[in-house]
Amino acid sequence: EPPHTGRLALYLLGLKATCPSVSPHRSLVTWLKYYLEEDWKGSRRHGHPITSYYQYGLGVLALCVHHKRVREEVIRRLLTAQHHRRLGHGGNTVDTEAVLALAFTCLERRRLVGTGLAAELRAAAHEASRNVAEAQGPDGIIGNIYSTPWALQVFLATGTCQTEPAFGQAMAALLENLEAFRTAATMAQVLPVLHGHSYLDIASMHCQEEPGGSWGQRDCGQRWCHHRGGWVSPVPWWLLADTLTPLDVEPLAEVLGNKTVQLVVECPLPWCYELRLYDRPVPVPATASLLDVLQAAAALKPRDFKFHTQDTPQGPFLTEVLGLEARQEKRNYWQLLTAPNTPLQMGIADYRPQDGETLILRLSEW
C-alpha cells in the first residue's frame, strides 16, 4: 500500500484550520515526515515518488503551515522536478504546479530555509505562477474546473491577483461552475478562494479570536482582489452556511424522457493491440449521469461491459473498465472525454451528458 502522503497532509491542514484547543497533531506531523521519506523510495526505481509530486508537494506545504522545518534534500526534490518538467498528469499540471508554488512561498515567507535557498524558492514560485496562468483556457478555467481554485490560491498567495489578468477571468468561471463542488474535499479547495484566502493563511491564523479566526468576514475583506470596479466575493449564501448545506433550496425540476449516449472505450499501445474495445449506444433516462450510463451499459450486456470504481472524498473514481485496471505503479488512468477529444471537467457521478453525445473512456498515461 502506498504512503498516505497527500491524505495526511490535507488532514493536517484542516486540523490546523480548526484551531484545536490542544495539540493532537505532533505525532501526525512525525508520521508525515516518515511518509515523505517512504514516498521518495519509489524514485530509486521509477524516478518519481510512489504517490505523485502533487501529494509530495502537499506534504511539504502541510509541514510548513505547521511551522516545521523541512530537510533541504526534500525541498530540492521538488525544485528539480519542476526544473525538468516532470510534474505531468494527463497533460494537466496545474494542481501540482500550484501546490509547489504554495509550498515554496510558505517556506520562504516563514523563513524556514536559508537565504540562498529562499531566493531559489521565490523564483520557482513565480515560475509556477506564470505556468499556471498560461494554462488558462478561453472559458477562464485553468486546467480544469477542479484545478482552478488551486490556481487562484497561487495568485492570492503570491500577491499577483491584482495584476494577473487570469485571476478575474478564472474567478468568474469558478462562480459560474460552483455546482461542480459538491463534496467536502472539493468545497475545501474552493471556500478559501471565495473568502479571498489561500492555504498559506492557515499558518498565520489568530486562533484566540472569535470562532472563524482570521477567516472571518472582519479580517478577510482586506485580502480580496479588486475586479471590474468591485471586490470579488459574490459568494452564494448557502456555500457559507455553517453546515455547507443549502437550506430551502428549490428542488431540481424533473426532466422526463430518455436520451442515448454513445459509449466508447479506447486502449492504445502499449496496453492493447486494438485501440477501440467498445463502441455502442446506451439508452438512459434524460437526467442520467456518466455513472448512470456505465451502470446501464453493464446491465444491458454484463458480459460485454464491466467496470469498477473506488470511492474517494471527491466522489467515485473509475479504476477498471473491461478488466483493464488503471494502476498507480503503471502511471496510467482512465481519462474521461467527450468526442472528439475534450477532457471532462467533472467526475463520473457529476457529469450529465447530452442526448446523442459520444463519451470516451481512454486508458492514458500520466
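Just so you know, glycine gets a Cβ as well, placed from its N, Cα and C.
Residues or ranges marked as cyanocob(III)alamin binding site by TrEMBL: Thr51, Ser52, Tyr53, Tyr54, Gln55, Asp95, Asn144, Gln189, Trp334, Gln335, Leu336, Leu344, Trp366. Positions annotated as disulfide bond by TrEMBL: Cys64-Cys106. Look at TrEMBL and you will find 289-364 tagged as domain 'Transcobalamin-like C-terminal'.
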| Top Cα neighbour of Cys106 (disulfide bond) in the set of binding-site residues Thr51, Tyr53, Trp334, Leu336 | Tyr53
| said: To the nearest Å, how far is the Cα of Thr51 (cyanocob(III)alamin binding site) from the Cα of Cys64 (disulfide bond)? | reply: 20
| said: Let's check the environment of Trp334 (cyanocob(III)alamin binding site): how many other CB atoms sit within 10 Å of its CB? | reply: 22
| query | At the level of the C-alpha atoms, what whole-angstrom distance separates Gln55 (cyanocob(III)alamin binding site) and Cys64 (disulfide bond)? | reply | 14
| Mean pLDDT for the domain 'Transcobalamin-like C-terminal' (289-364), as a whole number? | 85
| task | List the residues of the same chain that sit at least 6 positions away from Tyr53 (cyanocob(III)alamin binding site) in sequence and have their Cβ under 8 Å from its Cβ, in sequence order, or write 'none'. | result | Leu78, Ala81, Arg86, Leu87, Thr96, Leu100
| query | Nearest to Cys64 (disulfide bond) by Cα, among Asn144, Trp334, Leu336 (binding-site residues)? | reply | Asn144
